[in-house]
Each structure stands twice: as C-alpha cells, then as structure tokens.
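Presented below is the structure to which this report refers.
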C-alpha cells in the first residue's frame, strides 16, 4: 500500500494525479439534489410568504368572522401574522437540536431523505389550510417547515463536506448557499401576480414545497452515503470503498481510505462526542468559538433587515407600486449570481479572504446606506444610490458570509466532533435569526436610518476576529486543519512534517491473506 505523505505535502493537489480528475456526475448529482430538497426549500421559505401576505391576512380575518361573528381585532391579527412568520425560526431551532441524534441513527444521506417527510407534511398543512378554514394549519405548517430547514442546514453541509475531495470541498459545499439563493429567487418569481401571487392561487405557492422534496426522494436513494460515515462510524470498509469509487470516478481509492483510517487512528478510537463533552474539550475550544462567532455574524450582519427597507426605498425613488415586485427580483438575481461566483472562486481565493472581504464590504455599504437614507429626502436621486447599496450589501453577503460558515463548520472539526458542532452552530444560527426578527423593529423605531450602524459594528468585529484567528482551510485535510488550531488551543503539537508517523508493513495472516500492520504516533 502506498505510504501516506507527511503533513506538509499532504494537501498539494499535484501530489496525486487522481486528484486532478474532473468532477464526476455522481458527485455533482449528490450536491445538487441533496441541496435541492434541503437548502433550496429553506431559501424558498424565506421569500414565499411575502407575496401572499395580504391574502393570508384576509384569510385569517375571514376565518375569524366565520368562527366568532366579529372581525379579528387588529392586535390579534398582528400577533397571528407575527407568529406565522417568526415560528419558522423556532421550528428551525428544534430541527438543529435534533439533527445529531437523527444523523447517528440513519446517517447523513438517510437524514436528508427522512427530512423530506417534514417538507411533504408542511406542504399539505400550508396548502390545505384555506380549504379547511384553519389558520392553525398554516402556523403548524410553518413550524414543521422550520424543523425541516433546521435539520437540512446541518445535515446537508456535513454530507457535502464528507463526500468531496479536499481540493474542491469548498466548491461542492457552496451548493448549499447557491441553492438557498436560488430558492429565494424562485419564491420571488412564483409570487408574481401573473403566476401564483393571486388571491385564488396563493395556496399553490405552498404546494410547491413538495416538488423539490419528491425530486430528492427519487434521486438521492441511488447515490452513495458519506464514505467517511460508512468507514469511521459504521465500520463498513467495503461500502466506503464503493462510495469513494463512485464519487471520485476511479477504482484505486486506497489513498482516500488511508486518509480516513489515519484520522480514525489519530482519534484513538474516540466515539462521537456529545455537545457537553465538546464544550468541555480544550482540543476544539477555538474551533468552537470561531464557529459560534461566524454563525452569529451570519445572522446578525443585517441581511435580513435589508428586506425591511427595500420596498420603501423603491417607493421613495418614484417607482409605481405595481412594478415593485418585478424590481425586487433584482435582489434575488444578484444574490444567486454572487453565490455562484463565490462557488467558482472559493478554491482559488480561499475561505478566509472571502469571509473577511464579505463582512468588510458589508460594513462599507451599510455605512454608505446610512448616509444616503439620512439625506434621501433632500436629494431626489439619492434613493437610487440607496438601492444600489442594498444590491451591493446582498452581493457582499453572498460572496462569502452567506455560505462559507456552513462549509467551515464541517471543515474545522474531525469526525467525532462534527455532529455536535453542527448542532451548536445550528442553535446559534436559529437563535440569532429569531433575535434579529424580534429586536430589529424596535432598533429601527429608535434609531431610524441609523439602525444599520449596529450591523456595521457586527461586520467589523466579525471580520477582525476572522483575520486574527481563522487559519485558511482550502485544500487541507481535516487533520491538517486540526493541527492549525493545536497551538492556539495549547495542545501538544508534533514537529513539522511529523503530524502522524505511519509505518506500514504487509504480513500474511493465518489464512495467507495480506494484513496491514500499522504503527502510529498521534498528536493527541
């Protein structure tokens, strides 16, 4: 068997001619259809409630009158609508908290497949609520869809990170972000008045939720499970070898198998750790802090608040109300385009520069937007510049901060820590999402056009932390990345080039078959 190379040559793409092989159809299919039934639905649900908002509120009022004989009180109507919108994040939190348990039982691919049950149930509840004259069905449907998204945003990045060769791990991981943006854009398009954004058709907007889920159910069962999960957790080397062969499109996958074996041996037979064990472990302390900071900045950087101002700025610019939905399509288009470009350049530029560039650019354009909003009543053409700033903020977000935090969560942790890491990252993500939705209206009421300065501070702090602490992870093995954090975690660090010493010899066993004897010096 080929002897593994030392830590410094370990991540050179040129070291293995097989690495240069083109991306296989199997790997692309797993990335696309895995994301289609997962992150696409999350993005779609972020935008789908905007177009039919007035019709849903009218349905709430009509149902209330039929039940109680009186129009719904204004406070109650506001409360029901707020619950309908915000409870999606509560469902997401439940999903994030449960994902590590589901993954342990059914695996990465199995979790994605099982998660489609929530999408189909949510589609039925949301689309049949009007016929059943039950606004409670819409609220329950939103929380069920939130559970689906909470599970998806943890299970999908984990699956994509584990099936990808390290030289394209970031590119494959960005399918998560690209499909989120495509989902947002699809929700905007289908919500147009000419399509499903009408009083007689709005429930079909929610019926569409079942389509990506069914497509994933039709394709994903024929694609392999994560080979790392099969080998390290299920101890099924034969299945792992077949999975590697299909994903990589080559027969000889001994180097990939040995890499996973080495990682398993370095963990000294450590089983999957719990969240509590992870929080107590000094070996991953700064990885955990980095993920918490990055995921909090992902939600608290202000992108969700941008949508609050978009239509108002367009009205100030003089655009007619009936063409606003078509103009706001530009936000979804810019979002999707920026995510695609980020996916194409991530392996050349790296994760760290894209994150720092994204957050820094957002701070700049938020500052400009604050100035333009403050003076927009004084100068007639300033609302146009405000809208350009909004598009620039969206593009900056999707260039890095919009997808890379999910990629990093899978990269900064080795196999035993990964499920707990995604559970913690998902919890921070959804709690931060809920906090922005809850607090921003009050911040906006108090600070008016200066509200975006809060997000400027968040973006500056986030980019500063990442600049100081985060190592570059592109084209590195998971063990290389762990070594990058060894010094800052004050863990024993092996001499350069000797992260793992492997002495391999082939000896015959009793039956005359070859047997691998391995000696390893671990840095743990």
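Keep in mind that glycine also has a Cβ here, set from the backbone N, Cα and C atoms.
Just so it is clear, the model here is predicted, and its values are computed rather than measured.
If you look up TrEMBL, you'll see 31-474 marked as domain 'Major facilitator superfamily (MFS) profile'.
Look at TrEMBL and you will find 21-44 (among others) tagged as transmembrane segment.
Under the heading transmembrane segment, TrEMBL lists 79-103 (among others).
Annotation comment: TrEMBL describes 112-131 (among others) as transmembrane segment. For the transmembrane segment (112-131), the residues of the chain that approach it from at least six positions outside its boundaries are 34, 37-38, 41, 59, 95, 102, 106, 137-138, 140-142, 144-145, 147-148, 151-152, 155-156, 159, 203-204, 206-210, 212-214, 216-217, 220-221, judged by C-beta separation under 8 angstroms.
With a threshold of 8 Å between CB atoms, the same-chain residues lying at least 6 positions outside the transmembrane segment (137-159) that come near it are 30, 34-35, 37-39, 41-42, 45, 56, 80, 83-85, 87-100, 102-103, 108-109, 111-112, 115-116, 118-119, 121-126, 128-129, 173, 176, 206, 209, 226, 406-407, 409-410, 418-419, 422-423, 425-426, 429-430. The transmembrane segment annotation in TrEMBL covers 137-159 (among others).
TrEMBL lists 171-190 (among others) with the feature transmembrane segment.
Under the heading transmembrane segment, TrEMBL lists 202-223 (among others).
Taken from TrEMBL, the feature transmembrane segment applies to 288-308 (among others). Remote same-chain partners of the transmembrane segment (288-308), defined as residues 6 or more beyond its termini with a Cβ less than 8 Å from a stretch Cβ, comprise 50, 278-279, 331, 355, 359, 362, 366, 390, 393-394, 397, 401-402, 404-405, 408-409, 412, 421, 424-425, 428-429, 432-433, 435-437, 440, 444, 451-452, 454-455, 458-459, 461-462, 465-466, 469-470.
Annotated transmembrane segment per TrEMBL: 323-346 (among others), in sequence order.
If you look up TrEMBL, you'll see 353-375 (among others) marked as transmembrane segment. Counting same-chain residues at least six beyond the ends of the transmembrane segment (353-375), those with a Cβ under 8 angstroms from any Cβ of the stretch are 294, 297, 301-303, 309, 313, 342, 345-346, 382-383, 385-386, 389-390, 392-393, 396-402, 404-405, 449-450, 452-453, 455-456, 459-460, 462-463, 466-467, 470.
The feature transmembrane segment is assigned by TrEMBL to 381-408 (among others).
Listed by sequence, the residues of this chain that lie at least six past the ends of the transmembrane segment (420-443) yet keep a Cβ under 8 A from its Cβ atoms are 85-86, 89-90, 92-93, 95-97, 99-100, 150, 153-155, 157-158, 272-275, 277-279, 284, 287-288, 291-292, 295-296, 298-300, 304-305, 308, 405-406, 409-410, 412-413, 451, 454. Per TrEMBL, transmembrane segment is recorded for 420-443 (among others).
Residues 286, 289-290, 293-294, 297, 300-302, 305, 351-352, 355-356, 359-360, 362-363, 366-367, 369-370, 373-374, 401, 408, 440, 443, 488 of the same chain sit 6 or more residues outside the transmembrane segment (449-470) yet have a Cβ under 8 Å from a Cβ within it. Residues or ranges marked as transmembrane segment in TrEMBL: 449-470 (among others).
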Taken over the domain 'Major facilitator superfamily (MFS) profile' (31-474), the model's mean pLDDT: 90
